[in-house]
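Enquirer: I'd like to ask some things about the structure below.
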Amino acid sequence: MKILILVAAGLLFLPVTVCQSGINVSDNSAKPTLTIKSFNGGPQNTFEEFPLSDIEGWTGATTTIKAECPEDSISTLHVNNATIGYLRSSLSTQVIPAIYILLFVVGVPANIVTLWKLSLRTKSISLVIFHTNLAIADLLFCVTLPFKIAYHLNGNNWVFGEVTCRITTVVFYGNMYCAILILTCMGINRYLATAHPFTYQKLPKRSFSMLMCGMVWVMVFLYMLPFVILKQEYHLVHSEITTCHDVVDACESPSSFRFYYFVSLAFFGFLIPFVIIIFCYTTLIHKLKSKDRIWLGYIKAVLLILVIFTICFAPTNIILVIHHANYYYHNTDSLYFMYLIALCLGSLNSCLDPFLYFVMSKVVDQLNP
């Protein structure tokens with residue numbers, strides 16, 4: 001419980017930075033031209049122009065100049081050819097939507113069946129509460145997938161408006177971290193029940209489980225606020241499409257803010273929970289090694305949880321940090337392709353979580369016949 005409180009406190013500290021961005025210029029002409037790095041857009045004619053030859057020691061190499069951001073919010077951006085190439089690529093318009101269609105077809109019925117099974121369960125109230133919240137989070141994610149599917153199939157052209165874009169983005173990221181934290185709460189709950197049974201017996205099971213889930217929803221909502229506050233929908237001039245979250249205004253959402261925000265998100269939302277889960281289930285396996293059937297059941301559950309973390313959550317968070325560090329320190333978005341693929345893998349948890357419920361329910365039933 002103390003660890004969860006520490007996590008909650010850490011999640012509330014969002015870094016505040018000053019809007020600042022750099023533009024990469026490699027042209028040898030007398031004046032710099034507007035060159036926007038992939039997936040970061042900029043308004044037209046908002047950059048200070050001066051002869052590069054005036055820079056002392058300039059030899060024609062790549063130079064970074066400071067952007068002059070407009071005071072008012074804008075909705076139209078200019079991007080480079082690499083960004084447009086990605087937005088029109090088969091990866092973005094065919095492969096990614098195909099994966100999302102598969103997730104929708106499997107995830108919606110799987111989570112509905114899980115909720116139905118949970119509604120019929122009369123014992124192990126903690127298990128019911130945790131998996132109900134997990135299934136609700138996964139189902140919310142799945143029902144927003146048609147918007148993402150239509151977006152990608154339409155050539156990354158968003159037609160559903162700014163509000164829907166922000167909601168979809170919040171649900172997309174929020175589902176992953178909600179699932180991670182709920183799985184962590186489940187691990188803590190099983191650890192207390194097995195390693196400290198007398199302490200666990202004194203706890204009000206229903207209230208304790210609902211409190212933990214409530215904390216998870218509040219923390220995830222607070223950490224998703226930047227996606228709610230910052231503009232996510234931008235119209236691209238040259239390609240005549242409107243993107244949702246794929247292109248951001250470097251002035252409104254500076255690279256320094258994005259870097260520290262996503263690093264803290266990966267640290268508090270993935271790394272710490274992963275360490276807690278490893279500790280809890282390792283202790284459980286050690287405690288139950290003399291009970292063969294229960295021990296084997298926990299081995300299956302732990303392996304499935306490790307699969308979910310290894311395939312779904314680890315690549316997404318690792319590449320997320322590297323991607324934003326790459327842009328923050330080197331002003332390049334070259335890893336965004338890999339990051340989007342990792343996000344697709346991260347979405348698989350919405351289909352794997354229902355299987356985890358059926359495994360865990362058997363283990364709990366063996367512990368409490």
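Placed from the backbone N, Cα and C atoms, the Cβ positions cover glycine too.
Take a look at what Swiss-Prot says about it:
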type	residues	note
SIGNAL	1-19	signal peptide
CARBOHYD	Asn24	N-linked glycosylation site
TOPO_DOM	38-93	topological domain 'Extracellular'
CARBOHYD	Asn81	N-linked glycosylation site
TRANSMEM	94-119	transmembrane segment
TOPO_DOM	120-127	topological domain 'Cytoplasmic'
TRANSMEM	128-147	transmembrane segment
TOPO_DOM	148-166	topological domain 'Extracellular'
DISULFID	Cys165-Cys244	disulfide bond
TRANSMEM	167-188	transmembrane segment
TOPO_DOM	189-205	topological domain 'Cytoplasmic'
TRANSMEM	206-229	transmembrane segment
TOPO_DOM	230-259	topological domain 'Extracellular'
TRANSMEM	260-279	transmembrane segment
TOPO_DOM	280-296	topological domain 'Cytoplasmic'
TRANSMEM	297-321	transmembrane segment
TOPO_DOM	322-335	topological domain 'Extracellular'
TRANSMEM	336-360	transmembrane segment
TOPO_DOM	361-369	topological domain 'Cytoplasmic'
Enquirer: Under 8 Å, at least 3 Cβ pairs, sequence separation 6 or more: does that hold for the transmembrane segment (94-119) versus the transmembrane segment (206-229)?
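Expert: They do not touch: fewer than three Cβ pairs between the two stretches lie under 8 Å.
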Enquirer: Report the listed stretch (167-188, 206-229, 297-321, 336-360) having the maximum count of Cβ pairs within less than 8 Å of the transmembrane segment (128-147).
Expert: 167-188
Enquirer: Taking only the residues in the topological domain 'Extracellular' (148-166), give me the average pLDDT of this model.
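Expert: The predicted confidence over the topological domain 'Extracellular' (148-166), as a mean pLDDT, is 93.
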Enquirer: Kindly report the helix/strand/coil residue split of the topological domain 'Cytoplasmic' (120-127) according to DSSP, in that order.
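Expert: Counting residues per DSSP class in the topological domain 'Cytoplasmic' (120-127), I get 4 helix, 0 strand, 4 coil.
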Enquirer: Quick test of the contact rule: Cβ under 8 Å, at least six residues beyond the ends. What residues does that give for the topological domain 'Cytoplasmic' (189-205)?
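Expert: Sequence-remote neighbours of the topological domain 'Cytoplasmic' (189-205) are 125-126, 130, 212, 279-281, 283-284, 287-288, 367.
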Enquirer: Mind checking which residues reach the topological domain 'Extracellular' (148-166)? Cβ under 8 Å, same chain, six or more beyond either end.
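Expert: Sequence-remote neighbours of the topological domain 'Extracellular' (148-166) are 87-88, 92-93, 96-97, 100-101, 104, 172, 227-228, 231-233, 241-246.
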Enquirer: List the residues of the same chain that sit at least 6 positions away from Cys165 (disulfide bond) in sequence and have their Cβ under 8 Å from its Cβ, in sequence order, or write 'none'.
Expert: Trp158, Gln232, Glu233, Cys244, His245
Enquirer: By a simple count, how many Cβ atoms lie within 10 Å of the Cβ of Cys244 (disulfide bond), its own Cβ left out?
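Expert: Other Cβ atoms found within 10 Å: 23.
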Enquirer: For a three-state summary based on DSSP, what are the helix, strand and coil counts in the topological domain 'Extracellular' (148-166)?
Expert: 11 helix, 0 strand, 8 coil
Enquirer: Would you list the DSSP helix, strand and coil counts for the residues of the topological domain 'Cytoplasmic' (189-205)?
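Expert: Each residue of the topological domain 'Cytoplasmic' (189-205) counted once, the result is 14 helix, 0 strand, 3 coil.
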